């Protein structure tokens with residue numbers, strides 16, 4: 001907590017790299033959403049205009065959806081927009097809040113590790129199968145789970161390390177609107 | 001014991017403030033470990049719970065809603081609704097409800113609607129001397145209309161949770177009259193509250209102006225016809241219609257209104273990614289949680305305990321309503337539907353309730369829960385837009401809750417309100 005304005009805050013390099021990773025994940029997820037729209041539109045177009053339903057669009061768009069859910073969810077861990085019950089956080093003093101947030105981050109970290117570990121097992125188990133409509137290995141179904149887990153682990157570790165180093169990451173959170181509404185408020189273009 | 005672990009871990013983590021998605025996931029994981037089942041199963045259920053083609057409708061409808069707000073469709077609808085009902089007592093409150101009804105038929109998401117309509121209406125209402133609490137409460141309750149009118153993505157979640165056997169077209173149709181009934185009840189309530197507080201009216205702009213504003217809003221309003229007509233007639237599936245909504249919203253905002261900028265598009269896309277990733281992660285986790293509950297035979301136990309209390313379907317429906325209202329107060333809608341449908345629907349069906357009718361009841365219950373602390377996403381959004389605390393809003397929300405509860409009672413005990421319209425289309 002001793003950083004002055006001239007001094008670079010400790011570990012700012014980590015935060016900068018993570019911020020790039022998170023922006024990249026958000027953009028990839030956004031492209032995924034646009035592609036998904038295109039796939040389903042192509043399916044409708046194929047059925048009514050070309051008289052031939054493409055067989056790959058359903059499975060392809062569902063797989064894109066897994067990618068953007070897991071990437072977007074990982075970004076959500078970093079930007080703290082996941083929905084939660086924050087009444088206790090609201091009434092507790094600062095020190096207590098810090099501990100509760102630490103526990104939540106550790107819980108998310110543990111689940112992220114589980115996603116990598118068991119997700120990889122699922123990839124290995126299904127690698128021999130082939131997805132009929134896409135012609136690729138069935139293991140690809142579980143790759144987004146592993147990738148999302150890896151990002152969740154990275155982002156929770158970042159928060160834990162920054163918090164332990166004394167960076168005031170929780171103070172910023174206290175001034176934000178409730179996490180779940182931030183994204184929608186952004187859409188409504190409202191500054192709180 | 002297994003159930004104690006499942007619900008205990010979930011409750012403790014939730015109280016700590018852990019994101020709901022991880023509460024559900026970690027509680028399922030802990031239970032599976034305790035029972036000695038392979039932990040793989042939790043992650044496999046999580047993945048398969050999200051990899052459902054019908055779920056694509058959620059990102060699409062949210063994306064379409066974000067595009068419509070960014071691209072000016074929402075503000076055109078506000079202008080049109082204003083010309084229609086602005087001259088009634090508490091004019092802007094009525095405009096708010098009418099807009100919510102029209103816009104709800106397009107976006108289908110209550111949170112998106114509270115942000116969109118509230119963002120446009122609440123500042124105007126405050127500037128015209130309406131109390132911020134009134135503006136916020138009207139906005140947050142009117143947003144619930146979107147849950148009932150097609151295309152409500154929550155009805156799609158319900159249909160999936162019920163095993164995909166309930167027709168989405170029937171659910172969409174069944175929600176229309178209850179949705180309009182809620183709009184009517186809220187307009188009456190808003191009228192009386194406005195009269196007791198002495199709120200102003202807006203001048204009637206004349207029929208020429210109404211016609212002009214209608215013409216401007218038509219490209220946006222047409223979307224309702226495209227979605228509903230497409231799904232009802234079977235031309236599109238619900239998922240396809242949601243995708244058409246995205247493309248149509250893009251075309252209208254870029255080519256007709258010419259208000260969509262590249263920045264607006266990127267913002268809408270990223271906003272939709274953030275919202276849907278959060279919602280769908282919870283849905284995946286809830287799928288794992290709900291699978292465990294079925295595995296532990298929770299539904300059968302609930303039917304047995306209901307049987308012990310009463311044989312009368314009216315009493316059972318009342319109990320289920322109270323239970324759902326209670327659960328709705330501290331959980332968000334999507335996961336509550338996924339967790340509760342496999343448990344409550346068999347109970348309701350055992351007492352002869354139609355699954356389509358029960359879906360409408362459930363969505364209205366959990367919808368009211370979106371407007372109650374401690375976890376009320378819609379109320380949070382409306383309060384944040386209106387810059388008041390949830391407690392300030394709570395002080396004067398009671399007449400509006402009253403309207404919601406009256407509609408809930410009517411919808412619960414008069415099945416025809418929900419079931420008549422779908423029967424017309426058969």
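Backbone N, Cα and C define each Cβ position, glycine as well.
Under the heading domain 'TRAP C4-dicarboxylate transport system permease DctM subunit', TrEMBL lists B:7-417.
The feature transmembrane segment is assigned by TrEMBL to B:6-34 (among others).
The list of residues near the transmembrane segment (B:46-65) in space but at least 6 beyond its ends in sequence, with Cβ under 8 angstroms from a Cβ of it, reads 25, 106-109, 112-113, 116, 151, 153, 156-157, 159-160, 164, 168, 223, 237-239, 241-243, 245-246, 248-249, 268-269, 272, 275-276, 279-281, 283-288, 291, 338. Residues or ranges marked as transmembrane segment in TrEMBL: B:46-65 (among others).
Annotated transmembrane segment per TrEMBL: B:100-122 (among others), in sequence order.
As annotated by TrEMBL, transmembrane segment applies to B:134-150 (among others).
Per TrEMBL, the feature transmembrane segment maps to B:171-194 (among others).
Annotation comment: TrEMBL describes B:206-228 (among others) as transmembrane segment. If you look at the transmembrane segment (B:206-228), the same-chain residues 6 or more away from its ends with a CB under 8 A from one of its CBs are 64, 68, 73-74, 76-77, 79-80, 82-84, 102, 105-106, 150-151, 172, 241-242, 244-245, 248-249, 252, 256-257.
For B:235-257 (among others), the entry in TrEMBL reads transmembrane segment.
The transmembrane segment annotation in TrEMBL covers B:277-302 (among others).
Outside the transmembrane segment (B:314-344) by six or more residues, the chain places 14, 20, 24, 49, 110, 147, 154, 157-158, 160-162, 279, 282-283, 285-287, 289-290, 293-294, 298-299, 302, 306, 351, 353, 358, 361-363, 365-370, 372-377, 408, 412-413 with a CB less than 8 A from a CB of the stretch. Feature annotation from TrEMBL assigns transmembrane segment to B:314-344 (among others).
Per TrEMBL, transmembrane segment is recorded for B:356-385 (among others).
Look at TrEMBL and you will find B:397-421 (among others) tagged as transmembrane segment.
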Relative to the transmembrane segment (B:6-34), the stretch among B:100-122, B:134-150, B:235-257, B:277-302, B:356-385 with the most Cβ pairs under 8 Å is B:277-302
Per the Cβ filter (under 8 Å) with a sequence gap of at least 6 from its ends, the transmembrane segment (B:397-421) is approached by 133, 137-138, 140-141, 144, 173-178, 181-182, 185-186, 188-189, 192-193, 314, 317-318, 321, 353-354, 356-357, 360-361, 364-365, 367-368, 371
Next on the checklist: With contact taken as 3 or more Cβ pairs under 8 angstroms (pairs 6 or more apart in sequence), are the transmembrane segment (B:100-122) and the transmembrane segment (B:356-385) in contact?
Outcome noted: yes
Contact set of the transmembrane segment (B:235-257) with the rest of its chain, CB cutoff 8 A exclusive, min separation 6+ beyond the ends, reads 53-54, 56-57, 60-61, 63-64, 67-68, 70-73, 76, 106, 151, 153, 156, 168-169, 172, 219-220, 223, 226-227, 229, 265
Beyond a gap of at least 6 residues from its ends, the CB atoms lying under 8 Å from the transmembrane segment (B:134-150) belong to 92-93, 96-97, 99-101, 103-105, 107-114, 117-118, 121-122, 125-126, 172-173, 175-176, 178-180, 182-183, 186, 190, 193-194, 197, 199, 224, 227-228, 231, 333, 360, 363-364, 367-368, 370-371, 376, 378-379, 381-383, 385-386, 388, 393, 396-397, 400-401, 403-404
